[in-house]
Amino acid sequence: MIIRSPEPEVKILVDRDPVKTSFEAWAKPGHFSRTIAKGPETTTWIWNLHADAHDFDSHTSDLEEISRKIFSAHFGQLSIIFLWLSGMYFHGARFSNYEAWLSDPTHIGPSAQVVWPIVGQEILNGDVGGGFRGIQITSGFFQIWRASGITSELQLYCTAIGALVFAALMLFAGWFHYHKAAPKLAWFQDVESMLNHHLAGLLGLGSLSWAGHQIHVSLPINQFLNAGVDPKEIPLPHELILNRDLLAQLYPSFAEGATPFFTLNWSKYADFLTFRGGLDPVTGGLWLTDTAHHHLAIAILFLIAGHMYRTNWGIGHGLKDILEAHKGPFTGQGHKGLYEILTTSWHAQLALNLAMLGSLTIVVAHHMYAMPPYPYLATDYGTQLSLFTHHMWIGGFLIVGAAAHAAIFMVRDYDPTTRYNDLLDRVLRHRDAIISHLNWACIFLGFHSFGLYIHNDTMSALGRPQDMFSDTAIQLQPVFAQWIQNTHALAPSATAPGATASTSLTWGGSDLVAVGGKVALLPIPLGTADFLVHHIHAFTIHVTVLILLKGVLFARSSRLIPDKANLGFRFPCDGPGRGGTCQVSAWDHVFLGLFWMYNSISVVIFHFSWKMQSDVWGSISDQGVVTHITGGNFAQSSITINGWLRDFLWAQASQVIQSYGSSLSAYGLFFLGAHFVWAFSLMFLFSGRGYWQELIESIVWAHNKLKVAPATQPRALSIVQGRAVGVTHYLLGGIATTWAFFLARIIAVG
């Protein structure tokens, strides 16, 4: 930490009325580009309009103007998010059985959509229990609402209206901070101030206010609900906030007010700030007193973190100093120059943020089932499966986005003349070693992981089960994973004497939590089958990284195309006249990376879905005997490719294939339709531009004959456009197929 004289304070941070509000410009498609604004001559125009509308770099090269457009667009994004949230809460208030579910969450399923009786579609309204007919939802909103202490549909209405107000406010802010008071570039680049505000404000005060809400509103209301009190009898949030005696009846330490806090006698508060570990046996969710404690602790950490950086007062860390001090014995100039990169290239900044947020989203996916945070979430198998799948897909997309923007940074924002011997330059100079080693790792993982399966298929086909890799023949136990599980299972007694259970029941031990006769969570055994599929995960992830990293490291130049940077981020080939140079642009690497990301995530969600149905989810008898949905068949069936096809894909597709004539029939139709969308993508991916141009010209001839030819000349999609349309339908079709398959299955059997 350096103490120096105060830096001169920045006085004027905004420009007033920089861009006049013009409806004429809004009404003109492509007003941001001279070429597009002329209007369409060929059908390529509409594609270019979509490609460039949000590519602010192509509108202007002025960094301040680009920054303002991004900033304004963020408010628009927030507005849409608030609108979406409002819609969710409105559906809960207007069309749902939330109050009925609240009174009996183990026998009544969540529903917030009732289909109108048009041409027989009301068949979709299944019986979710309690006399309510509607579509069963798997978003987890009911569980979140209960955890936050919402007890009536009126409260949901109020929240929905509140979210609408915020949506309007965000729209206004987006307009105001672009047209009326637009921040100067210096404001966007003041990273210390931004860190202080984001850490202390958003994360610190945000967590503190949530912890406050949990303690004063959620905890007491959930106490009442768990005790079986009728939601209509429970005191309202404002009564709990204003009347300390009410809370003191549930949590005696409330009677003492803030005295224990100021006298440092904090253990007094242990009745509502706990450290128990494990799950609440009534709801199958984390102890809400544990999560309140967690948010309070997080708030303290971030409030401290938000006071670490030097702004107008000459005390604290400067980010530039920190980065430039980061030098190792083998890293040359180290992080020198990184500060300039991250304050002038928003693509570089975004790439880092997407990589971290994507990884975090995948971590969230895993925590949602291992440490289910909301009441009655763990026993709602459809929601558990949906939340895992959703967060895995989102994480995958965000990580591919990170590679995309890293490559755009390399092409558009990287200045090789000012970068010498810093970390980035050193990575670029030994990129051949990185990529060739990574390629070797992919080949090794691919052949060995797949080879283990093929061995098992062969032995199985030859009737030699004793020669297979399995828990009952040649064992390949995941010993490191089992060691980690065991360490965590034993941890509470050693590292956290106050805790009664480990962080997650999945680690091991003898604990099993069941709610209403359904398993919430139990220790998850790992064996040979998990060892095999884990190495498939390692393989697919490494291939995805290989493709994406190659795209970034060779975005500016390669031996094949030394001047690649001049061709831009996306180009079809370095031609004409140079064969063998197609599909080398940074954009093409993102395109190819998306397919492998899809492979990676598919294997993960298949593994999760089958493993949970086989070894975790199921019912428990009065004698304590657990019957799993697929009877523990994962360990012996998933060790062959044939087992995956027969006992997972085919066996579990029976529900979606036989859904016609039932309330799940929409999933059957989606299953069919999404397969079609997926197959449609192959038309774009497997045929070239010339084929379609020829066809189009013959169709145009026919139109001319009939004198119905359009003024805008039809053109085949460009190579890049065709691949973009192809990968979009491939992913959309694949994801929707999986969604229909999973939900029809789990709603029918879960």
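Cβ from N, Cα, C; glycine included.
Copied over from Swiss-Prot:
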type: BINDING; residues: CYS573, CYS582; note: [4Fe-4S] cluster binding site
type: BINDING; residues: HIS675; note: chlorophyll a' binding site
type: BINDING; residues: MET683, TYR691; note: chlorophyll a binding site
type: TRANSMEM; residues: 70-93; note: transmembrane segment
type: TRANSMEM; residues: 156-179; note: transmembrane segment
type: TRANSMEM; residues: 195-219; note: transmembrane segment
type: TRANSMEM; residues: 291-309; note: transmembrane segment
type: TRANSMEM; residues: 346-369; note: transmembrane segment
type: TRANSMEM; residues: 385-411; note: transmembrane segment
type: TRANSMEM; residues: 433-455; note: transmembrane segment
type: TRANSMEM; residues: 531-549; note: transmembrane segment
type: TRANSMEM; residues: 589-610; note: transmembrane segment
type: TRANSMEM; residues: 664-686; note: transmembrane segment
type: TRANSMEM; residues: 724-744; note: transmembrane segment
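Features as recorded by Swiss-Prot, highlighted on the structure.
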| residue | record | contacts (Cβ under 8 Å, 6+ apart) |
| --- | --- | --- |
| CYS573 | [4Fe-4S] cluster binding site | THR581, CYS582, GLN583, VAL584, ILE719 |
| HIS675 | chlorophyll a' binding site | GLY733, THR737 |
| MET683 | chlorophyll a binding site | GLY726 |
| TYR691 | chlorophyll a binding site | none |
Same-chain residue ranges lying at least 6 outside the transmembrane segment (385-411) that approach it to Cβ under 8 Å: 138-140, 341, 345, 347-348, 350-355, 357-362, 364-366, 368-369, 544, 548-549, 551-552, 555-556, 565, 568-569, 586-587, 589-590, 593-594, 597-598, 600-601, 604-605, 608-609, 612, 735, 738-739, 742-743, 746, 750
Same-chain residues near the transmembrane segment (724-744), Cβ under 8 Å, at least 6 residues beyond its ends: 138, 382, 385-386, 389, 393, 591, 594-595, 598, 602, 605, 609, 652-653, 655-656, 659, 664, 667-668, 670-671, 673-685, 717
Close approaches to the transmembrane segment (664-686) from elsewhere in its chain (Cβ under 8 angstroms; 6 or more beyond its ends): 123-124, 126, 135, 655-658, 717, 722-723, 725-730, 732-737, 739-741, 743-744, 747-748
Folded-back contacts onto the transmembrane segment (156-179), same chain, C-beta under 8 angstroms, at least six residues removed: 17-21, 68-69, 71-76, 78-80, 82-83, 85-87, 89-90, 92-94, 98, 145, 150
